[in-house]
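Notes for the one structure printed next.
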Amino acid sequence: MSVHAWLDDRIGLADFLSFLRKKEVPDHSHAVWYFLGGMTLFFFMMQVLTGLLLIVYYQPGSDASYGSVQRITSQIEFGWLIRSVHSWSANLMLLSAFFHMFSVFFMKAYRAPRELTWWSGMGLLGLGMGFGFSGYLLPWDQLAYFATKIGLDVMEKSPLIGKELATMLRGGADVGVITLQRFYALHAAVLPVLFMPLLLLHLWLVQKHGNAAPPSVTEKKSVPFFPTFLYKDLMVWFLCLNLLALLASLWPWDLGPQADKLASAPDGIHPEWYFMSQFQLLKLIPGKVGPVDGELLGMGLFGAGGVLWALVPLWDRGSRGRLVNLVGLGAVIVLIVLTIWGYAGVAGKG
Ligand code: HEM
């Protein structure tokens, strides 16, 4: 009996393959954007693989954390490489997720019947940013400590449950060893448990509905996902692996001096790039706008923008295509300008 027949008898391999074969990927001049979801998936898989290896040596606890990351970086064989790949891949995953989100937005792939694909994607991006925020503190170096402190202060000022969430994460009056343990639990247990089923739902929906062609594409050419497009996906993954290897080995991830709570915050301290636009917006708004607290207003504005963005499948009626494109373009410009402005503001201070 062949392996194929053996597996088919036991797990219904033929049914699974025919489910894969059902999906067609539209073939047109914008089809290159269909690789972005797969690229995000590749970087996520790299995170799981390298994260599992880091867990073997990482120890939570302020001195223990810093010491274990030092050991990983300088004593454990290839530890520096695994840590560097984990950090670079985290950034590339979020970068490709942002590109993926904007590309499906402009291709209008959130329209019926893909609303749940859009919402599960938004959930994945939110959880992905949570991975980034919680992972940043784990090495317990000076930058990690102060950036987290600022991040939690900003969260505290956010409307609705911001204060409760920040208090729960901090676990005390100040960022300390309890915070570190909570962030570790979040990063290595809670977030993965939430992310995995949502990712499976996202991928299942994509498989079920197939990829959407943008409204401007009228010709009905397509290629089968399995195996034609999957081979192309694998080639792109191979390129991503090369990029990751180059970045991680040429620019290994740094470890700064150990966090010292009594020291003053380093000059030019700032959050990671994916939180920079919020950070800059808060800097631009005065402390008080009339009777309203400026930070509360800033975070409220950002939150309202996020809700409007998430609800696009509900307010984009076919006739509003141009307006929706303008909103999307506006969102891209605002995010890019605020992020660059934020970096310009801290340049030379760090
Ligand atoms: C963060 C982790 C994410 C992963 C691993 C992921 C993965 C994927 C994959 C593999 C595909 C199929 C290939 C493609 O069309 O690019 C896809 C499609 C899709 N994703 Fe994501 N995605 C993520 C985040 C997001 C986000 C943030 C959004 C938007 C808010 C989103 C919305 C969609 C939509 C609407 C489709 C269907 C596209 C179509 O029908 O053409 N995804 N995703």
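Numbering starts at 1 and runs along the chain as displayed.
Every residue, even glycine, has its Cβ placed from backbone N, Cα and C.
Since this is a predicted model, take the numbers as computed values, not measurements.
Here TrEMBL flags 3-215 as domain 'Cytochrome b/b6 N-terminal region profile'.
Look at TrEMBL and you will find 215-350 tagged as domain 'Cytochrome b/b6 C-terminal region profile'.
The transmembrane segment annotation in TrEMBL covers 31-58 (among others).
Long-range contacts of the transmembrane segment (88-106) within the same chain: residues 33, 36-37, 39-40, 43-44, 46-47, 50, 118, 121-122, 124-125, 128-129, 131-132, 135, 212, 214, 240, 243-244, 247-248, 251, 253, 272-274, 312, 325, 328, 332, each at least 6 residues beyond the stretch ends and with a Cβ under 8 Å from a Cβ of the stretch. The transmembrane segment annotation in TrEMBL covers 88-106 (among others).
The annotation transmembrane segment is assigned in TrEMBL to 118-138 (among others). For the transmembrane segment (118-138), the residues of the chain that approach it from at least six positions outside its boundaries are 44, 47, 58, 60, 65, 69, 90-91, 93-94, 97-98, 100-101, 104, 109-110, 144-145, 147-148, 151, 175, 179-180, 183-184, 186-187, 191, 194-195, 198-199, 201-202, 205, 272, 274-275, 309-310, 312-313, judged by C-beta separation under 8 angstroms.
Only residues 6 or more beyond the boundaries of the transmembrane segment (184-206), in the same chain, are considered here, and those with a CB under 8 A from a CB of the stretch are 23, 37, 41, 44, 48, 51, 55, 58, 60, 114, 116-117, 120-121, 123-124, 127-128, 130-131, 134-135, 138, 169. Per TrEMBL, the feature transmembrane segment maps to 184-206 (among others).
Taking Cβ pairs closer than 8 Å, the transmembrane segment (234-253) reaches residues 35, 38-39, 42-43, 46, 80-81, 83-89, 92 in its own chain, all 6 or more past its ends. Look at TrEMBL and you will find 234-253 (among others) tagged as transmembrane segment.
Cβ atoms under 8 Å from those of the transmembrane segment (296-316) belong to residues 105, 108, 110-112, 114-115, 118-119, 122, 154, 157-160, 162, 278, 281-282, 284-285, 289, 324, 327, 331 of the same chain, restricted to positions at least 6 beyond its ends. Sequence annotations record features per position, and here TrEMBL assigns transmembrane segment to 296-316 (among others).
Annotation source TrEMBL lists transmembrane segment at 323-344 (among others).
Using DSSP to sort the residues of the domain 'Cytochrome b/b6 C-terminal region profile' (215-350) gives these counts of helix, strand and coil: 88 helix, 8 strand, 40 coil.
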